[in-house]
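Student: This is the structure I have questions about; it appears just below.
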Amino acid sequence: MNRLQVELPGLSLKNPIIPASGCFGFGREYAQFYDLSVLGSIMIKATTEQPRYGNPTPRVAETPGGMLNAIGLQNPGLEKVMNSELPWLEQFDLPIIANVAGSQAEDYVAVAKEISKAPNVHALELNISCPNVKTGGIAFGTNPEIAADLTKRVKEVSEVPVYVKLSPNVANIVEIAKAIANAGADGLTMINTLLGMRLDLKTAKPILANRTGGLSGPAIKPVAIRMVHEVSQAVNIPIIGMGGIETAEDVIEFFYAGASAVAVGTANFIDPFVCPTIIEELPALLDELGFDHISECQGRSWKQTCHSR
């Protein structure tokens, strides 16, 4: 028995560990360190219809317990992803999750329709929540009606299941999650980065050229855990949890909150072996905690609470 195997809509994962979109590129750099086939899946870098060159520099700033980034969805565009990046990834035993972005609904639909045809793309992740793009993105992720409409439109053209990535920069994430689930989403991924800023001590000006950026890393983990805990009790679709994961213990905590798989982001920049290390350490941790299979951990925090009542 594979104690780590997870079955999700469109995704048969040998383990629940997935590098997060934007922190792993298309895997080429990390393939120099280890066989990517050990991973559960890969969330590839966000793809837009046309190439994007991203925001001006500086784009990254360190913070205590994390980092700020304002990359601006830099990517080679749909045509190159379809003709170069995805074919290259076919050498690995991996179901690919393609992250789709755009400035208007028509952009998402156009990319989703084409990229979902790729043989190794098993699911889409709609990036409706990126906080560092001047147009699009953030508007979709903060309005329940707009988010639901976009989900429906993409579902109509996609040949694979659709997961929607939620923004934490909202007043009521449960309301948005419910709207997206009711619109037919197959799953949710959460959370994206928190909007933040750093100021230069000498100039008193923002360090990032974009002024604001997305905060990621261990600093946001408690926020992510709380939001996964709330949303998982409100919807009946699976959640891929993310936000500050660095260890096998972090993975179990997300499962306890209600996640069915996890994505590892910023930690890949610090340690390129972080994902295979977590995969190797999970079985021993399951033994220590008394679980036969990782699925036994899913939702344990609130399921225990409900049972005790």
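Going from the start of the chain as shown, residues are counted 1 onward.
Backbone N, Cα and C define each Cβ position, glycine as well.
Quick caveat, the model's predicted, so the values are computed rather than measured.
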Student: Looking at the substrate binding annotation from Swiss-Prot, with Asn69, Ala70, Ile71, Gly72, Leu73, Asn127, Asn192, Thr193 already listed, which candidate in Lys45, Lys152, Lys155 is the matching residue?
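Tutor: Among the candidates, Swiss-Prot records only Lys45 at this substrate site.
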Student: Given that Swiss-Prot annotates Lys45, Ala46, Asn99, Asn127, Lys165, Ile191, Gly217, Gly243, Gly244, Gly265, Thr266 as FMN-binding, name the residue from Ser12, Ser21, Ser295 that shares the site.
Tutor: Ser21
Student: Just to verify: the residue among Ala46, Ala70, Ile191 with the fewest other Cβ atoms within 10 Å, which of the binding-site residues is it?
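Tutor: Among the binding-site residues Ala46, Ala70, Ile191, the sparsest Cβ neighbourhood within 10 Å belongs to Ala46.
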Student: Consider each pair of residues in Lys45, Asn69, Ala70, Ile71, Gly72, Leu73, Asn127, Asn192, Thr193, all listed by the record as binding substrate, and report the largest Cα separation in Å as a whole number.
Tutor: 16
Student: Need one number for the FMN-binding residues Ser21, Lys45, Ala46, Asn99, Asn127, Lys165, Ile191, Gly217, Gly243, Gly244, Gly265, Thr266: the maximum pairwise CA distance in Å, whole number please.
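Tutor: Pairwise Cα check on Ser21, Lys45, Ala46, Asn99, Asn127, Lys165, Ile191, Gly217, Gly243, Gly244, Gly265, Thr266 gives a maximum of 20 Å.
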Student: Between the Cα atoms of Lys45 (substrate binding site) and Gly243 (FMN binding site), find the distance and write it as a whole number of Å.
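Tutor: Per the Cα atoms, Lys45 (substrate binding site) and Gly243 (FMN binding site) stand 17 Å apart.
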